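According to Swiss-Prot, the protein carries these features:
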- His111, His115, Asp319: Fe cation binding site (BINDING)
- Leu134, Val135, Ser136, Gly137, Gly138, Asp167, Gly180, Asn279: substrate binding site (BINDING)
Amino acid sequence: MLVLGIESSCDETGVALYDTERGLRAHCLHTQMAMHAEYGGVVPELASRDHIRRLVPLTEGCLAQAGASYGDIDAVAFTQGPGLGGALLAGSSYANALAFALDKPVIPVHHLEGHLLSPLLAEEKPDFPFVALLVSGGHTQIMAVRGIGDYALLGESVDDAAGEAFDKTAKLLGLPYPGGAKLSELAESGRPEAFVFPRPMIHSDDLQMSFSGLKTAVLTAVEKVRAENGADDIPEQTRNDICRAFQDAVVDVLAAKVKKALLQTGFRTVVVAGGVGANRKLRETFGNMTVQIPTPKGKPKHPSEKVSVFFPPTAYCTDNGAMIAFAGAMHLKTGREAGAFNVRPRWPLSEIVK
């Protein structure tokens, strides 16, 4: 069964072909990053128009890569939401029109579910059940995943998502758009503990997270540096140090909350998905993760247990059509009914969890 996947929720146009017998056959992606850089952020109208221009050429490119034709497509999956309304509508219109013309089913996919399942595209795949950390510009959530369609939301950010905090902090530091990736790059040259920022909610008993206060702490540090130097410019090394301290704080919070989720569920496998999943520091920290079951005072400590951690291939951390094609194929196999034309710019993840 060959499924065409279409992703158009924000500023990447992704098209891919996934074969339920042979795996991923083709994957094409166009990013609008350069177009939006001039404006310092995504312009929804420009994003929508660019999706319209790119969808047909990308589809034909995928078919050529796979040595397939339109007639070989068995189903069309598309991102129904959440995302930018106009951008979603561009993908939905194309997917539904193509499916109608081919007389094939169309499968709506929740964008976050696509990210959630993207590590299953890797050669080394996790087994169910696992704890999933969805960490991107729009969402930071921890979930218990027991199978396709069997998800339980355990905790999430109560304010800014981690990726959003990266981007806003980068803008505060005067870094060019898109700033999150640049901040991570500069953090590599930062000195450890030159700055120390708070780890919001790291010791709370629940799995909720908060990053807006961390952003405020960075602003306070930046204003202090500028006042001491009597200039708006921040010395290069100081800026790098701030980037490192910020990144370390975010990763520490994410790691602490995921460890708590592992202890709560009893799972020993973690899947990290979403754009921030490409962050080197996060991958390094999670790659060395262990958990230790708490013991009563005076009792011998339990030995640390190694955790198996899985990341999607770097190409599938950001928005892409491959994850949508795969998620659509999985739902088609499990009997999900074909969907409708409508899009859902605001689609709470709670509506797809059990």
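The backbone N, Cα and C atoms fix where each Cβ goes, glycine too.
Sequence features annotated in Swiss-Prot and their locations in the structure.
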residue : record                 : Cβ contacts under 8 Å, 6 or more apart
His111  : Fe cation binding site : Glu7, Ser9, Thr79, Gly81, Pro82, Gly83, Asp319, Trp347
His115  : Fe cation binding site : Leu134, Ser136, Ala273, Gly274, Met323
Gly137  : substrate binding site : Ala161, Gly163, Glu164, Phe166, Asp167, Gly180, Gly275, Val276
Gly138  : substrate binding site : Pro82, Ala161, Gly163, Glu164
Asn279  : substrate binding site : Ser184, Gln247, Val251
Q. So, in DSSP terms, is Asp167 (substrate binding site) helix, strand, or coil?
A. helix
Q: Please find which two of Leu134, Val135, Ser136, Gly137, Gly138, Asp167, Gly180, Asn279 have the most distant C-alpha atoms, given that the record lists them as binding substrate, and give only that distance in angstrom, rounded to a whole number.
A: 17
Q: Any same-chain residues 6+ apart from Val135 (substrate binding site) with CB under 8 Å of its CB? Would you list them in sequence order, or say none?
A: Ala161, Ala162, Gly163, Leu254, Val272, Ala273, Gly274, Gly275, Val276, Gly277, Leu282
(Q) I want the residues beyond His111, His115, Asp319 whose C-beta is within 8 angstroms of the mean position of the Fe cation site's C-beta atoms, in chain order. (A) Glu7, Ser9, Thr79, Leu112, Gly114, Ser136, Gly274, Asn320, Met323, Ile324
Q) Which one, from the binding-site residues Asp167, Asp319, has the smallest tally of other C-beta atoms lying within 10 Å of its C-beta? A) Asp167
